[in-house]
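To keep things clear, I will list the structure first and then write my remarks on it.
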Protein chains: 2
Amino acid sequence: MTNSDLDAVVAAVRERIDPDEEERRALADAAAELESRVYDALDDLPVDADVLQVGSTARGTWLSGDRDIDLFVRFPEELPRDELESYGLDIGHAVLPNGHEEYAEHPYVKGDYDGFDVDLVPCYDVPTAPEIRSAVDRTPFHNEYLVEHLDDDLAADVRVFKRFLKGIGAYGSDLRTEGFSGYLAELLILEYGGFEPLLRAATDWHPPVEFDPEDHGTRSFSDPLVVIDPTDPERNVAAVCSAENVARLQHYARDLLSNPREALFFNSAPPALDADGVRKHIDRRGTTPLAIVFDAPDLVDDQLYPQLRKSISGVADGLDRREFDVFRATTFAADEAVLFVELAVSERPAVERHVGPPVHVRQHAEGFYGAYAEGNDHYGPFLDGDRYVVERDREFTSATDFVTSDALFDVALGKHVESTLREDGYEVFVGDEVATLAETFGAELGWFYDPRP
Amino acid sequence: MTNSDLDAVVAAVRERIDPDEEERRALADAAAELESRVYDALDDLPVDADVLQVGSTARGTWLSGDRDIDLFVRFPEELPRDELESYGLDIGHAVLPNGHEEYAEHPYVKGDYDGFDVDLVPCYDVPTAPEIRSAVDRTPFHNEYLVEHLDDDLAADVRVFKRFLKGIGAYGSDLRTEGFSGYLAELLILEYGGFEPLLRAATDWHPPVEFDPEDHGTRSFSDPLVVIDPTDPERNVAAVCSAENVARLQHYARDLLSNPREALFFNSAPPALDADGVRKHIDRRGTTPLAIVFDAPDLVDDQLYPQLRKSISGVADGLDRREFDVFRATTFAADEAVLFVELAVSERPAVERHVGPPVHVRQHAEGFYGAYAEGNDHYGPFLDGDRYVVERDREFTSATDFVTSDALFDVALGKHVESTLREDGYEVFVGDEVATLAETFGAELGWFYDPRP
């Protein structure tokens, strides 16, 4: 394998993702026009502020077709928060007459201009990143740092790396993906000086992998990947990135270097499954899938997915503790949400073993024996080595009985998942019944039954 | 509860087990006649030897109805072993004309005299017990020690204690029972000065419990009960006694003291089960019994039971490692031997999880991935956290498949059990099929399905 194979693949990828001159010009024109509108609007306000284009479109690292323009309006630190918010919205509505309000840490206006999706976000102009008053205040510092350090070649490699991360499913610092943010991708390219050196290095990473570009970090992190924010010594830019996504990057870096191909940069999801396809896998595997299906709580993804993950982990743990062996578990969401477990053992006998204290621990032993000496609803007590043992009736002999009982609420569930299950109820599908989920979740079931790195 | 309740129970037990005057006289007469015959026979031999009555009938600790007379002929240490053996047999045949030869460490003659079962055993007359040349040489020392230390009252308490141990199933140092030998029972009565003080002490034992009546022990033991042989500082008389039998004594000591009753001294086995009874328990428990049935190897119990235990433990372990959950396991033997497991899980899905190395352990990770990257006989590799995982076809999806396959011989089996299974074959009964075993093993199945301390 020679570099030229990889170079050829990268060149082909760039053909598809590099914005052309026309796209760049259209974007620059739109951004200039929007900025000028912001200053016009500012003229009407009794406050000094500036405007700043940020994000990938501000620094040439966007992929062709991305249509996001992010404009930050920086107000003086002294401005009370309520005034910042109201000025921010005034400007937003003035600049984007057909925009609507959204809410992050502050409300802001989102709207359409000349085919671009525009966010117009108010923030505070603080002297340094560690002094920020809300998370959005950090963005201008990131932007400034990257504009200063990224030249055109590096920006091109950022685009290639971002496309690669998307292709392998590791792009995005949202809490559903738990992957690499755009800013993290940019810093890694800066760190290694390009896409190929980054890939080559990643193949040999031994997490935890730690970088501190400005050599100013002041604390330690337990994350598998640590990149100290060059604009904030206390922040790990990769805090959200899971060990699995670090491993995913390592795996596909090796894969791409040993067998360069364009396909890795573009969606390589397994085919979606229909109901028949799901049934074939159930039959082939001999396992028992079990799905708890309910109306997805009305939450943004960054709240929903952590709650779903906490819930599936609680359900799987509750099943495991009752000796229903969970083989795999996952969760899906659209209008409905699904807690999906695949069981290797879904039925248990009527009895369960209950091991008591050693006979020589007299007080406990006598208490245990006394509690079970009478009655014929159990076997024993008998001796196993030096301990008493009884065999009692098991509370749940089938996994379905457990998840359809109130005991489901003894496991740790996400807050809104729990209230939805309690108040709106839920359905349980077992075995072949889960095949009907393919109608909504065919893609997710495709991944589940044809899992890839 | 007053002592008088226990005293009354003990008195009633003694009514049943104390040999009466007539029985004592008959035994003394028989022993005297046999001794005199031995000396007659010795007159014809060119060697100096003496004869010694040993065992419980020699020291008043036998239970009424026991018919064993043990006579040891002590030869000089210098006598070559082959001469000792041939003289021993000569005397045996002379004293017991209708006797037959048996084999322990030496051959010896066993025969009937006046309704008594007589063992006539040759041994060496060594100066002290640690100098013995074979295990039987120790017996005269034990006998001498006990004759010296046991008075009539203590001998009576030994009888009561031995009857108690029999009643609770803990009597016997054979390797099937792994319980208390007669000698051990006698030493414990001596140690505590009687049956009741021994019982009271046992209720509060915290194993390891250690005694050294002659305060001469020279080494340490890891057994739950240690009684240094008063005639041999290097020997634990209780070496065979299992933790379970120590716990059993503790349990029933508490039981007898809190509720004194004669029943505890006599067989309190659960009723034997017939086939219908077995089927009812199988149904009630919802478990899957599985029995491997074969012709019992032609071994004495002290060889057979350790081999059966090793084998059932190997089989249970082999099943557990293949994720068939063993709920309980046991072994029975008569003409046929049975390795009996009760399974909580007897079937497994077609796939099993196989966890590979972390992706960052590059060489192993690449080897693992490479081994599974191609082919469609497995699921994956995919990532779980930072590791590769594949789901492969399981070798055995049913416990029956495993025990009927050659893989059964990969588990640790007793030597003669293994050769019998290999050469003579075996049958496997699963589920309700095991009910037919009740015909031969109804009592054992009664214990299994109605277990008691």
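Each residue's number is its place along the chain shown, starting with 1.
Placement of Cβ uses the backbone N, Cα and C atoms for every residue, glycine included.
Those TrEMBL annotations? Automatic predictions, nothing curated.
What TrEMBL records for B:SER56, B:ARG59, B:HIS142, B:LYS162, B:TYR171 is ATP binding site. Taking Cβ-Cβ distances under 8 Å and a sequence separation of 6 or more, the neighbours of B:SER56 (ATP binding site) in its chain are B:TRP62, B:LEU63, B:ASP66, B:ASP68, B:LYS162, B:GLY182.
Cβ neighbour count for B:TYR171 (ATP binding site) (all protein chains, 10 Å cutoff from its Cβ): 21. For B:SER56, B:ARG59, B:HIS142, B:LYS162, B:TYR171, the entry in TrEMBL reads CTP binding site.
Sequence-distant neighbours of B:ASP119 (Mg(2+) binding site) (same chain, 6+ apart, CB under 8 A from its CB) are B:ASP68, B:ILE69, B:ASP70, B:LEU71, B:TYR108, B:VAL109, B:LYS110. Taken from TrEMBL, the feature Mg(2+) binding site applies to B:ASP68, B:ASP70, B:ASP119.
According to TrEMBL, the domain 'Polymerase nucleotidyl transferase' annotation covers B:40-142.
The domain 'tRNA nucleotidyltransferase substrate binding' annotation in TrEMBL covers B:157-266.
Annotated domain 'CCA-adding enzyme C-terminal' per TrEMBL: B:285-431, in sequence order. Along the domain 'CCA-adding enzyme C-terminal' (B:285-431), the predicted structure has mean pLDDT 97.
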>> Within a 10 Å radius of its Cβ, which of these binding-site residues (B:ASP68, B:ASP70) has the fewest neighbouring Cβ atoms?
In response: B:ASP68
> What is the Cβ neighbour count of B:ARG59 (ATP binding site) at a 10 Å cut-off, with all protein chains included?
Replying inline: 23
> Which of the three DSSP-derived classes (helix, strand, coil) applies to B:ARG59 (ATP binding site)?
Replying inline: coil
>> At a 10 Å cut-off from the C-beta of B:LYS162 (ATP binding site), count the other C-beta atoms across all protein chains.
In response: 25
>> With helix taken as DSSP H, G or I, strand as E or B and everything else coil, how many residues of the domain 'Polymerase nucleotidyl transferase' (B:40-142) land in each class?
In response: 33 helix, 35 strand, 35 coil
> CB neighbours of B:HIS142 (ATP binding site) within 10 A?
Replying inline: 23
> Around the Mg(2+) site recorded as B:ASP68, B:ASP70, B:ASP119, what other same-chain residues have a C-beta within 8 angstroms of the site's C-beta center?
Replying inline: B:VAL54, B:GLY55, B:THR57, B:ILE69, B:LEU71, B:ASP117, B:VAL118, B:VAL121
>> How many Å separate the two farthest-apart Cα atoms among the ATP-binding residues B:SER56, B:ARG59, B:HIS142, B:LYS162, B:TYR171?
In response: 18
